[in-house]
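Colleague: The structure is given below, and queries will be raised subsequently.
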Amino acid sequence: CERFSYYGMRAVLVLYFRYFLRWDDDLATSIYHAFVALCYLTPILGAIVADSWLGKFKTIIYLSIVYAIGQIVMAVSAINDITDANRDGTPDNMAVHVTLAMIGLILIAFGTGGIKPCVSAFGGDQFADHQTRQRSTFFSVFYLCINAGSLLSTLITPILRGQECGIHTQQKCYPLAFGVPAALMVVSLIVFIAGSGMYIKAAPQGNIMLDVCNCIGFAIKNRFRHRSKRYPKREHWLDWANEKYNKLLIAQIKMVLKVLFLYIPLPMFWTLFDQKGTLILQPDQMQTVNPILILTLVPIMDRVVYPLIRKCGFNFSPLKRMTVGMFLAAMAFVSAALVQIQIDKTLPVFPSSTESQLKIVNMASSQMEVTISPHDPIVLGSMQCGASVVEVEDIKPNTVHMALQIPQYFLITAGEVVFSVTGLEFSYSQAPSNMKAVLQAGWLFTVAVGNFIVLIVAELAKLPDQWAEYVLFASLLVAVCIIFSIMAYFYTYINPAEIEAQFMQGDEIDPEDKEKKAIELKSKDFVQQQNEQVGKTKM
(Lines of atoms letter the chains of each structure in order from A; the text may use other names.)
(Lines give C-alpha, C1' and ligand atoms only; values in the text may rest on other atoms or scores of the structure.)
Protein backbone atom coordinates (compact mmCIF):
# COMPACT_ATOMS: atom_id res chain seq x y z
CA CYS A 1 0.00 0.00 0.00
CA GLU A 2 2.76 2.44 0.91
CA ARG A 3 4.71 1.78 -2.29
CA PHE A 4 1.51 2.13 -4.34
CA SER A 5 0.99 5.45 -2.58
CA TYR A 6 4.48 6.69 -3.45
CA TYR A 7 4.85 5.40 -7.00
CA GLY A 8 1.23 6.18 -7.84
CA MET A 9 1.72 9.82 -6.88
CA ARG A 10 5.03 9.94 -8.78
CA ALA A 11 3.48 8.42 -11.91
CA VAL A 12 1.34 11.51 -12.57
CA LEU A 13 3.46 14.16 -10.84
CA VAL A 14 5.15 15.60 -13.95
CA LEU A 15 1.82 15.63 -15.79
CA TYR A 16 0.32 17.51 -12.84
CA PHE A 17 3.10 20.09 -13.03
CA ARG A 18 2.74 20.49 -16.79
CA TYR A 19 -1.00 20.45 -17.36
CA PHE A 20 -2.51 21.58 -14.06
CA LEU A 21 0.07 24.01 -12.67
CA ARG A 22 0.99 25.01 -16.25
CA TRP A 23 4.77 24.83 -15.69
CA ASP A 24 7.15 24.43 -18.62
CA ASP A 25 9.11 21.22 -19.17
CA ASP A 26 12.34 22.48 -17.59
CA LEU A 27 10.71 23.65 -14.35
CA ALA A 28 8.53 20.54 -14.09
CA THR A 29 11.53 18.24 -14.58
CA SER A 30 13.72 20.18 -12.15
CA ILE A 31 11.14 20.14 -9.35
CA TYR A 32 10.46 16.44 -9.97
CA HIS A 33 14.14 15.46 -9.65
CA ALA A 34 14.60 17.72 -6.64
CA PHE A 35 11.70 15.94 -4.96
CA VAL A 36 13.11 12.47 -5.74
CA ALA A 37 16.56 13.50 -4.49
CA LEU A 38 15.04 14.78 -1.24
CA CYS A 39 13.25 11.44 -0.78
CA TYR A 40 16.64 9.70 -0.77
CA LEU A 41 18.42 12.24 1.44
CA THR A 42 15.88 12.32 4.29
CA PRO A 43 16.45 8.64 5.24
CA ILE A 44 19.52 9.80 7.15
CA LEU A 45 17.32 11.93 9.42
CA GLY A 46 14.82 9.09 9.88
CA ALA A 47 17.61 6.69 10.81
CA ILE A 48 19.07 9.07 13.39
CA VAL A 49 15.65 9.61 14.97
CA ALA A 50 14.93 5.86 15.03
CA ASP A 51 18.28 4.66 16.39
CA SER A 52 18.78 7.53 18.82
CA TRP A 53 15.39 8.56 20.24
CA LEU A 54 12.08 7.03 19.16
CA GLY A 55 12.97 3.54 17.99
CA LYS A 56 11.98 2.18 14.59
CA PHE A 57 8.34 1.38 15.45
CA LYS A 58 7.39 4.85 16.68
CA THR A 59 9.43 6.54 13.96
CA ILE A 60 7.51 4.62 11.30
CA ILE A 61 4.17 5.57 12.86
CA TYR A 62 4.90 9.28 13.38
CA LEU A 63 6.50 9.82 9.98
CA SER A 64 3.76 7.79 8.26
CA ILE A 65 1.26 10.26 9.70
CA VAL A 66 3.34 13.10 8.20
CA TYR A 67 3.46 11.11 4.96
CA ALA A 68 -0.33 10.62 4.83
CA ILE A 69 -0.97 14.30 5.57
CA GLY A 70 1.35 15.21 2.70
CA GLN A 71 -0.56 12.94 0.32
CA ILE A 72 -3.88 14.45 1.41
CA VAL A 73 -2.50 17.99 0.90
CA MET A 74 -1.37 16.99 -2.61
CA ALA A 75 -4.87 15.71 -3.40
CA VAL A 76 -6.41 18.97 -2.13
CA SER A 77 -3.94 21.03 -4.18
CA ALA A 78 -5.25 19.34 -7.33
CA ILE A 79 -8.91 20.29 -6.72
CA ASN A 80 -9.63 22.79 -9.45
CA ASP A 81 -12.78 24.19 -7.87
CA ILE A 82 -11.25 25.55 -4.64
CA THR A 83 -10.06 28.71 -6.45
CA ASP A 84 -12.29 28.65 -9.54
CA ALA A 85 -14.65 31.42 -8.44
CA ASN A 86 -15.88 32.30 -11.95
CA ARG A 87 -16.42 28.62 -12.80
CA ASP A 88 -14.58 28.75 -16.14
CA GLY A 89 -12.57 25.60 -15.48
CA THR A 90 -9.32 27.47 -14.73
CA PRO A 91 -8.05 28.18 -11.19
CA ASP A 92 -8.17 31.91 -10.43
CA ASN A 93 -5.35 31.78 -7.87
CA MET A 94 -2.66 29.35 -9.01
CA ALA A 95 -0.37 30.43 -6.15
CA VAL A 96 -2.66 28.61 -3.68
CA HIS A 97 -2.34 25.36 -5.63
CA VAL A 98 1.44 25.73 -6.01
CA THR A 99 1.86 26.44 -2.29
CA LEU A 100 -0.24 23.44 -1.30
CA ALA A 101 1.62 21.22 -3.76
CA MET A 102 5.04 22.25 -2.42
CA ILE A 103 3.92 21.73 1.19
CA GLY A 104 2.54 18.33 0.26
CA LEU A 105 5.71 17.24 -1.56
CA ILE A 106 7.97 18.32 1.32
CA LEU A 107 5.83 16.40 3.83
CA ILE A 108 5.84 13.34 1.55
CA ALA A 109 9.62 13.52 1.08
CA PHE A 110 10.23 13.63 4.84
CA GLY A 111 7.63 10.92 5.43
CA THR A 112 8.64 8.39 2.77
CA GLY A 113 12.36 9.13 3.20
CA GLY A 114 12.17 8.97 6.98
CA ILE A 115 10.55 5.54 7.06
CA LYS A 116 12.65 4.01 4.26
CA PRO A 117 15.56 2.82 6.45
CA CYS A 118 13.26 1.96 9.36
CA VAL A 119 10.81 -0.35 7.58
CA SER A 120 13.38 -2.80 6.19
CA ALA A 121 15.47 -2.72 9.40
CA PHE A 122 12.36 -3.18 11.56
CA GLY A 123 11.43 -6.21 9.48
CA GLY A 124 14.92 -7.63 10.01
CA ASP A 125 14.51 -7.12 13.78
CA GLN A 126 11.74 -9.72 13.82
CA PHE A 127 14.22 -12.55 13.23
CA ALA A 128 16.67 -14.08 15.70
CA ASP A 129 20.38 -14.22 14.88
CA HIS A 130 20.19 -17.91 13.90
CA GLN A 131 17.31 -17.32 11.46
CA THR A 132 19.49 -16.05 8.61
CA ARG A 133 17.61 -18.09 6.00
CA GLN A 134 14.23 -16.72 7.08
CA ARG A 135 15.58 -13.19 7.24
CA SER A 136 16.97 -13.54 3.71
CA THR A 137 13.55 -14.70 2.50
CA PHE A 138 11.93 -11.73 4.23
CA PHE A 139 14.11 -9.23 2.36
CA SER A 140 13.22 -10.94 -0.92
CA VAL A 141 9.49 -10.81 -0.12
CA PHE A 142 9.90 -7.21 1.04
CA TYR A 143 11.44 -6.25 -2.31
CA LEU A 144 8.76 -8.22 -4.15
CA CYS A 145 6.03 -6.27 -2.33
CA ILE A 146 7.69 -2.97 -3.24
CA ASN A 147 7.53 -3.86 -6.92
CA ALA A 148 4.00 -5.24 -6.66
CA GLY A 149 2.94 -1.81 -5.39
CA SER A 150 4.95 -0.14 -8.15
CA LEU A 151 3.36 -2.29 -10.86
CA LEU A 152 -0.21 -1.78 -9.66
CA SER A 153 0.25 1.98 -9.28
CA THR A 154 1.80 2.28 -12.75
CA LEU A 155 -1.23 0.56 -14.24
CA ILE A 156 -4.02 2.10 -12.14
CA THR A 157 -3.03 5.71 -11.34
CA PRO A 158 -2.90 6.93 -14.99
CA ILE A 159 -6.39 5.46 -15.45
CA LEU A 160 -7.61 7.42 -12.43
CA ARG A 161 -6.07 10.60 -13.81
CA GLY A 162 -7.77 9.99 -17.14
CA GLN A 163 -11.21 10.21 -15.55
CA GLU A 164 -13.05 13.53 -15.61
CA CYS A 165 -14.30 15.07 -12.38
CA GLY A 166 -15.20 18.44 -10.89
CA ILE A 167 -18.09 20.33 -9.31
CA HIS A 168 -18.50 23.12 -11.84
CA THR A 169 -16.49 21.91 -14.83
CA GLN A 170 -15.16 18.49 -15.77
CA GLN A 171 -11.35 18.27 -15.75
CA LYS A 172 -8.71 15.54 -15.69
CA CYS A 173 -9.11 13.98 -12.25
CA TYR A 174 -5.81 14.69 -10.49
CA PRO A 175 -7.60 14.77 -7.10
CA LEU A 176 -8.56 11.12 -7.63
CA ALA A 177 -5.05 10.21 -8.89
CA PHE A 178 -3.56 11.68 -5.71
CA GLY A 179 -6.48 10.80 -3.42
CA VAL A 180 -6.36 7.02 -3.92
CA PRO A 181 -2.62 6.87 -2.99
CA ALA A 182 -3.43 9.03 0.06
CA ALA A 183 -6.19 6.63 1.11
CA LEU A 184 -3.88 3.62 0.69
CA MET A 185 -1.23 5.32 2.82
CA VAL A 186 -3.80 5.67 5.60
CA VAL A 187 -4.74 2.00 5.13
CA SER A 188 -1.09 0.93 5.36
CA LEU A 189 -0.66 2.87 8.60
CA ILE A 190 -3.78 1.31 10.14
CA VAL A 191 -2.68 -2.22 9.19
CA PHE A 192 0.83 -1.63 10.54
CA ILE A 193 -0.48 -0.35 13.89
CA ALA A 194 -2.93 -3.26 14.10
CA GLY A 195 -0.02 -5.70 14.28
CA SER A 196 1.70 -3.84 17.11
CA GLY A 197 1.26 -6.63 19.65
CA MET A 198 3.09 -9.15 17.46
CA TYR A 199 6.25 -7.13 16.84
CA ILE A 200 9.68 -7.30 18.41
CA LYS A 201 10.53 -3.65 19.16
CA ALA A 202 14.19 -2.90 19.76
CA ALA A 203 14.59 0.05 22.11
CA PRO A 204 16.70 3.04 20.97
CA GLN A 205 20.09 3.32 22.64
CA GLY A 206 20.55 7.07 23.07
CA ASN A 207 21.95 9.66 20.68
CA ILE A 208 24.19 7.16 18.94
CA MET A 209 25.14 9.42 16.04
CA LEU A 210 26.46 12.07 18.40
CA ASP A 211 28.47 9.42 20.28
CA VAL A 212 29.87 8.09 16.99
CA CYS A 213 30.93 11.53 15.77
CA ASN A 214 32.49 12.43 19.13
CA CYS A 215 34.35 9.11 19.32
CA ILE A 216 35.76 9.47 15.79
CA GLY A 217 36.73 13.09 16.47
CA PHE A 218 38.47 12.19 19.73
CA ALA A 219 40.37 9.30 18.06
CA ILE A 220 41.65 11.57 15.27
CA LYS A 221 42.61 14.36 17.70
CA ASN A 222 44.27 11.93 20.11
CA ARG A 223 46.24 10.25 17.31
CA PHE A 224 47.44 13.60 16.00
CA ARG A 225 48.47 14.72 19.49
CA HIS A 226 50.52 11.53 20.00
CA ARG A 227 52.06 11.21 16.55
CA SER A 228 55.55 10.99 18.03
CA LYS A 229 57.40 7.67 17.58
CA ARG A 230 57.67 7.48 21.38
CA TYR A 231 54.05 6.30 21.50
CA PRO A 232 53.43 2.71 20.38
CA LYS A 233 51.25 2.15 17.33
CA ARG A 234 47.76 0.79 17.81
CA GLU A 235 46.05 -1.92 15.81
CA HIS A 236 43.39 0.46 14.41
CA TRP A 237 43.30 4.26 14.34
CA LEU A 238 39.98 4.19 16.23
CA ASP A 239 41.77 2.50 19.14
CA TRP A 240 43.16 5.94 19.99
CA ALA A 241 39.71 6.61 21.48
CA ASN A 242 40.23 3.89 24.14
CA GLU A 243 41.16 6.43 26.78
CA LYS A 244 37.70 8.01 26.71
CA TYR A 245 35.21 5.65 25.04
CA ASN A 246 34.33 2.04 25.82
CA LYS A 247 35.51 -0.77 23.60
CA LEU A 248 31.98 -1.82 22.65
CA LEU A 249 31.22 1.52 20.99
CA ILE A 250 34.60 1.53 19.25
CA ALA A 251 33.98 -2.00 17.94
CA GLN A 252 30.52 -0.99 16.67
CA ILE A 253 31.93 2.04 14.86
CA LYS A 254 34.56 -0.18 13.23
CA MET A 255 31.79 -2.43 11.90
CA VAL A 256 29.90 0.51 10.42
CA LEU A 257 32.97 2.12 8.85
CA LYS A 258 33.94 -1.19 7.20
CA VAL A 259 30.55 -1.40 5.49
CA LEU A 260 30.45 2.31 4.60
CA PHE A 261 33.85 1.90 2.94
CA LEU A 262 32.34 -0.83 0.74
CA TYR A 263 29.52 1.55 -0.17
CA ILE A 264 31.88 3.99 -1.92
CA PRO A 265 31.69 2.30 -5.39
CA LEU A 266 27.97 1.49 -5.18
CA PRO A 267 26.48 4.79 -6.48
CA MET A 268 27.72 3.88 -9.96
CA PHE A 269 25.20 1.03 -10.10
CA TRP A 270 22.35 3.41 -9.33
CA THR A 271 23.73 5.83 -11.92
CA LEU A 272 22.91 3.24 -14.58
CA PHE A 273 19.82 1.78 -12.95
CA ASP A 274 18.03 5.11 -12.55
CA GLN A 275 18.54 5.74 -16.26
CA LYS A 276 16.41 2.75 -17.21
CA GLY A 277 13.79 5.25 -18.30
CA THR A 278 16.17 6.44 -21.04
CA LEU A 279 16.33 2.89 -22.41
CA ILE A 280 12.62 3.04 -23.23
CA LEU A 281 11.56 3.67 -26.81
CA GLN A 282 7.83 3.28 -26.18
CA PRO A 283 7.16 4.27 -22.54
CA ASP A 284 3.47 3.41 -22.58
CA GLN A 285 4.09 -0.17 -23.67
CA MET A 286 7.31 -0.89 -21.79
CA GLN A 287 7.05 0.90 -18.43
CA THR A 288 5.55 -2.15 -16.69
CA VAL A 289 8.23 -4.60 -17.86
CA ASN A 290 10.59 -3.89 -14.95
CA PRO A 291 8.16 -4.59 -12.06
CA ILE A 292 6.71 -7.61 -13.88
CA LEU A 293 10.18 -9.10 -14.32
CA ILE A 294 11.00 -8.40 -10.66
CA LEU A 295 7.87 -10.19 -9.48
CA THR A 296 8.99 -13.15 -11.59
CA LEU A 297 12.71 -13.15 -10.84
CA VAL A 298 12.71 -12.57 -7.06
CA PRO A 299 11.06 -15.92 -6.15
CA ILE A 300 13.04 -17.74 -8.85
CA MET A 301 16.34 -16.40 -7.49
CA ASP A 302 15.40 -17.02 -3.87
CA ARG A 303 13.91 -20.51 -4.27
CA VAL A 304 15.70 -21.96 -7.29
CA VAL A 305 18.90 -20.21 -8.39
CA TYR A 306 20.58 -19.53 -5.01
CA PRO A 307 19.82 -23.01 -3.54
CA LEU A 308 21.08 -24.63 -6.75
CA ILE A 309 24.33 -22.66 -6.57
CA ARG A 310 24.79 -23.71 -2.94
CA LYS A 311 24.21 -27.37 -3.84
CA CYS A 312 26.94 -27.07 -6.47
CA GLY A 313 29.33 -26.15 -3.66
CA PHE A 314 29.95 -22.58 -4.81
CA ASN A 315 30.10 -19.91 -2.11
CA PHE A 316 27.90 -17.25 -3.71
CA SER A 317 28.39 -14.75 -0.88
CA PRO A 318 26.38 -11.48 -0.69
CA LEU A 319 29.26 -9.37 -2.00
CA LYS A 320 29.79 -11.76 -4.91
CA ARG A 321 26.08 -11.46 -5.73
CA MET A 322 26.34 -7.67 -5.69
CA THR A 323 29.34 -7.82 -8.02
CA VAL A 324 27.38 -9.98 -10.45
CA GLY A 325 24.46 -7.54 -10.23
CA MET A 326 26.71 -4.63 -11.18
CA PHE A 327 28.10 -6.58 -14.14
CA LEU A 328 24.59 -7.45 -15.37
CA ALA A 329 23.60 -3.77 -15.24
CA ALA A 330 26.66 -2.89 -17.34
CA MET A 331 25.70 -5.55 -19.89
CA ALA A 332 22.20 -4.08 -20.05
CA PHE A 333 23.69 -0.80 -21.24
CA VAL A 334 25.87 -2.61 -23.79
CA SER A 335 22.68 -4.24 -25.06
CA ALA A 336 20.98 -0.83 -25.18
CA ALA A 337 23.92 0.56 -27.17
CA LEU A 338 23.61 -2.23 -29.74
CA VAL A 339 19.88 -1.55 -30.13
CA GLN A 340 20.53 2.18 -30.44
CA ILE A 341 23.06 1.57 -33.23
CA GLN A 342 20.37 -0.35 -35.15
CA ILE A 343 17.90 2.49 -34.59
CA ASP A 344 20.41 5.07 -35.80
CA LYS A 345 20.81 3.17 -39.08
CA THR A 346 17.13 3.71 -39.88
CA LEU A 347 17.10 7.43 -39.10
CA PRO A 348 17.01 9.91 -42.03
CA VAL A 349 20.10 11.97 -42.81
CA PHE A 350 19.50 15.51 -41.64
CA PRO A 351 21.55 18.53 -42.79
CA SER A 352 24.17 19.97 -40.47
CA SER A 353 23.70 23.28 -38.66
CA THR A 354 25.36 25.12 -41.60
CA GLU A 355 23.25 23.48 -44.31
CA SER A 356 19.66 23.41 -45.49
CA GLN A 357 17.78 20.62 -47.23
CA LEU A 358 15.24 21.06 -50.03
CA LYS A 359 12.92 18.27 -51.19
CA ILE A 360 11.56 18.58 -54.73
CA VAL A 361 8.59 16.40 -55.77
CA ASN A 362 7.06 16.30 -59.24
CA MET A 363 3.68 15.00 -60.39
CA ALA A 364 5.05 11.57 -61.22
CA SER A 365 5.92 11.10 -57.61
CA SER A 366 9.61 11.04 -58.26
CA GLN A 367 11.58 13.06 -55.78
CA MET A 368 15.07 14.23 -55.04
CA GLU A 369 16.75 15.78 -52.05
CA VAL A 370 19.27 18.55 -52.45
CA THR A 371 21.50 19.56 -49.54
CA ILE A 372 22.93 23.03 -49.93
CA SER A 373 25.07 25.41 -47.93
CA PRO A 374 24.11 29.07 -47.45
CA HIS A 375 26.69 30.10 -50.10
CA ASP A 376 25.45 27.77 -52.88
CA PRO A 377 23.37 29.32 -55.65
CA ILE A 378 19.85 27.89 -55.94
CA VAL A 379 18.55 27.40 -59.46
CA LEU A 380 15.18 25.72 -59.86
CA GLY A 381 13.69 24.84 -63.20
CA SER A 382 10.08 25.62 -63.93
CA MET A 383 7.63 23.14 -62.42
CA GLN A 384 4.15 22.69 -63.82
CA CYS A 385 1.37 22.25 -61.35
CA GLY A 386 -1.34 19.72 -61.97
CA ALA A 387 -4.53 18.71 -60.24
CA SER A 388 -3.06 15.47 -58.87
CA VAL A 389 -2.46 15.16 -55.14
CA VAL A 390 0.89 13.63 -54.28
CA GLU A 391 1.45 12.07 -50.82
CA VAL A 392 5.06 12.39 -49.71
CA GLU A 393 6.48 10.39 -46.78
CA ASP A 394 9.29 12.54 -45.39
CA ILE A 395 10.43 10.19 -42.59
CA LYS A 396 9.83 6.47 -42.91
CA PRO A 397 8.62 4.43 -39.90
CA ASN A 398 11.27 2.94 -37.64
CA THR A 399 11.81 -0.71 -38.56
CA VAL A 400 13.65 -1.82 -35.39
CA HIS A 401 11.40 -4.25 -33.53
CA MET A 402 10.34 -3.35 -30.01
CA ALA A 403 11.19 -6.86 -28.78
CA LEU A 404 14.90 -6.07 -29.12
CA GLN A 405 14.55 -4.12 -25.88
CA ILE A 406 13.64 -7.23 -23.87
CA PRO A 407 17.27 -8.40 -23.32
CA GLN A 408 18.31 -5.04 -21.85
CA TYR A 409 15.26 -4.99 -19.58
CA PHE A 410 15.94 -8.54 -18.45
CA LEU A 411 19.60 -7.77 -17.72
CA ILE A 412 18.96 -4.55 -15.79
CA THR A 413 16.17 -6.18 -13.77
CA ALA A 414 18.22 -9.29 -13.01
CA GLY A 415 21.03 -7.00 -11.92
CA GLU A 416 18.63 -5.09 -9.67
CA VAL A 417 17.31 -8.27 -8.03
CA VAL A 418 20.78 -9.69 -7.38
CA PHE A 419 22.28 -6.35 -6.30
CA SER A 420 19.54 -4.50 -4.45
CA VAL A 421 17.87 -7.31 -2.49
CA THR A 422 21.27 -8.65 -1.45
CA GLY A 423 22.49 -5.17 -0.51
CA LEU A 424 19.53 -4.63 1.83
CA GLU A 425 20.17 -7.93 3.58
CA PHE A 426 23.95 -7.37 3.73
CA SER A 427 23.52 -3.89 5.23
CA TYR A 428 21.29 -5.28 7.96
CA SER A 429 23.35 -8.38 8.76
CA GLN A 430 26.66 -6.49 9.10
CA ALA A 431 25.31 -3.59 11.20
CA PRO A 432 25.62 -3.42 14.99
CA SER A 433 22.37 -3.61 16.92
CA ASN A 434 22.18 0.13 17.62
CA MET A 435 22.96 1.26 14.05
CA LYS A 436 20.72 -0.90 11.83
CA ALA A 437 18.68 2.01 10.49
CA VAL A 438 21.77 4.18 10.08
CA LEU A 439 23.37 1.68 7.71
CA GLN A 440 20.08 1.30 5.81
CA ALA A 441 20.12 5.08 5.39
CA GLY A 442 23.70 4.88 4.16
CA TRP A 443 22.59 2.31 1.59
CA LEU A 444 19.80 4.61 0.40
CA PHE A 445 22.21 7.55 0.28
CA THR A 446 24.16 5.73 -2.46
CA VAL A 447 20.99 6.00 -4.59
CA ALA A 448 20.94 9.79 -4.17
CA VAL A 449 24.65 10.05 -5.05
CA GLY A 450 24.06 7.91 -8.14
CA ASN A 451 21.45 10.37 -9.41
CA PHE A 452 23.89 13.26 -9.03
CA ILE A 453 26.56 11.32 -10.96
CA VAL A 454 24.15 11.00 -13.90
CA LEU A 455 23.92 14.77 -14.20
CA ILE A 456 27.67 15.31 -13.79
CA VAL A 457 28.84 12.65 -16.28
CA ALA A 458 26.20 13.53 -18.87
CA GLU A 459 27.15 17.22 -18.63
CA LEU A 460 30.90 16.62 -18.85
CA ALA A 461 30.79 13.96 -21.57
CA LYS A 462 28.41 15.68 -24.04
CA LEU A 463 28.67 12.80 -26.50
CA PRO A 464 26.90 13.34 -29.82
CA ASP A 465 25.58 9.77 -30.11
CA GLN A 466 23.26 8.11 -27.61
CA TRP A 467 24.88 4.70 -28.07
CA ALA A 468 28.28 6.17 -27.15
CA GLU A 469 26.83 7.49 -23.89
CA TYR A 470 25.47 4.02 -23.08
CA VAL A 471 28.91 2.51 -23.73
CA LEU A 472 30.55 5.17 -21.55
CA PHE A 473 28.30 4.40 -18.57
CA ALA A 474 28.72 0.64 -19.10
CA SER A 475 32.52 1.03 -19.16
CA LEU A 476 32.47 3.10 -15.97
CA LEU A 477 30.39 0.48 -14.17
CA VAL A 478 32.64 -2.37 -15.33
CA ALA A 479 35.66 -0.49 -13.97
CA VAL A 480 33.85 0.16 -10.68
CA CYS A 481 32.74 -3.50 -10.61
CA ILE A 482 36.39 -4.61 -10.76
CA ILE A 483 37.33 -2.22 -7.95
CA PHE A 484 34.39 -3.42 -5.84
CA SER A 485 35.29 -7.09 -6.38
CA ILE A 486 38.82 -6.40 -5.09
CA MET A 487 37.43 -4.59 -2.04
CA ALA A 488 34.98 -7.44 -1.44
CA TYR A 489 37.79 -10.01 -1.62
CA PHE A 490 39.49 -8.44 1.39
CA TYR A 491 36.28 -7.97 3.38
CA THR A 492 35.78 -10.28 6.36
CA TYR A 493 32.18 -11.11 7.23
CA ILE A 494 31.25 -10.64 10.86
CA ASN A 495 28.50 -11.50 13.28
CA PRO A 496 27.77 -8.22 15.10
CA ALA A 497 25.74 -9.97 17.81
CA GLU A 498 28.66 -12.24 18.73
CA ILE A 499 31.13 -9.36 18.84
CA GLU A 500 28.81 -7.28 21.02
CA ALA A 501 28.22 -10.27 23.31
CA GLN A 502 31.96 -10.60 23.93
CA PHE A 503 32.15 -7.09 25.32
CA MET A 504 28.96 -7.47 27.32
CA GLN A 505 30.35 -10.58 29.05
CA GLY A 506 33.11 -8.68 30.79
CA ASP A 507 35.68 -8.00 28.12
CA GLU A 508 34.97 -4.28 28.47
CA ILE A 509 37.60 -2.27 30.35
CA ASP A 510 36.56 -1.22 33.82
CA PRO A 511 35.76 2.53 34.01
CA GLU A 512 38.38 2.97 36.76
CA ASP A 513 41.03 1.36 34.56
CA LYS A 514 39.98 3.64 31.70
CA GLU A 515 40.40 6.66 33.97
CA LYS A 516 43.84 5.42 35.02
CA LYS A 517 44.85 5.03 31.37
CA ALA A 518 43.75 8.58 30.60
CA ILE A 519 45.74 9.91 33.60
CA GLU A 520 48.82 7.92 32.53
CA LEU A 521 48.58 9.31 29.00
CA LYS A 522 48.22 12.85 30.31
CA SER A 523 51.26 12.28 32.56
CA LYS A 524 53.30 11.15 29.57
CA ASP A 525 52.18 14.27 27.67
CA PHE A 526 53.23 16.43 30.61
CA VAL A 527 56.67 14.77 30.86
CA GLN A 528 57.20 15.13 27.12
CA GLN A 529 56.29 18.82 27.24
CA GLN A 530 58.72 19.36 30.15
CA ASN A 531 61.51 17.60 28.26
CA GLU A 532 60.84 19.67 25.15
CA GLN A 533 60.88 22.84 27.25
CA VAL A 534 64.22 21.84 28.81
CA GLY A 535 65.63 21.19 25.36
CA LYS A 536 64.55 24.62 24.14
CA THR A 537 66.17 26.23 27.23
CA LYS A 538 69.47 24.51 26.53
CA MET A 539 69.40 25.68 22.94
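Including glycine, each Cβ sits where the backbone N, Cα and C put it.
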Colleague: Pick from 7-27, 406-426: which stretch is listed in TrEMBL under transmembrane segment?
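Modeller: Checked against TrEMBL: transmembrane segment maps to 406-426.
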Colleague: Six or more residues out from either end of the transmembrane segment (60-79), which same-chain residues have a Cβ under 8 Å from its Cβ atoms?
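Modeller: 2, 5, 9, 16, 20, 46, 50, 54, 97-98, 100-101, 103-112, 114-115, 118-119, 122, 174-175, 177-179, 181-182, 185-186, 188-189, 192-193.
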Colleague: At a C-beta cut-off of under 8 Å, are there same-chain residues at least 6 beyond the transmembrane segment (438-458) that contact it? List them, or none.
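Modeller: Those are 33, 36-37, 40-41, 43-44, 46-48, 51, 113, 116-118, 120-121, 208-209, 256, 259-260, 263, 266-271, 273-275, 423-424, 427-428, 430-431, 469, 472-473, 476, in sequence order.
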Colleague: Using Cβ atoms and a strict cutoff of less than 8 Å, what residues sit near the transmembrane segment (406-426) while being 6 or more residues removed from its termini?
Modeller: 120, 124, 135-136, 139-140, 142-143, 259, 266, 269, 272-273, 276, 279, 286, 289-290, 293-294, 297-298, 301, 318-319, 321-322, 324-329, 331-333, 335-336, 339, 440, 443
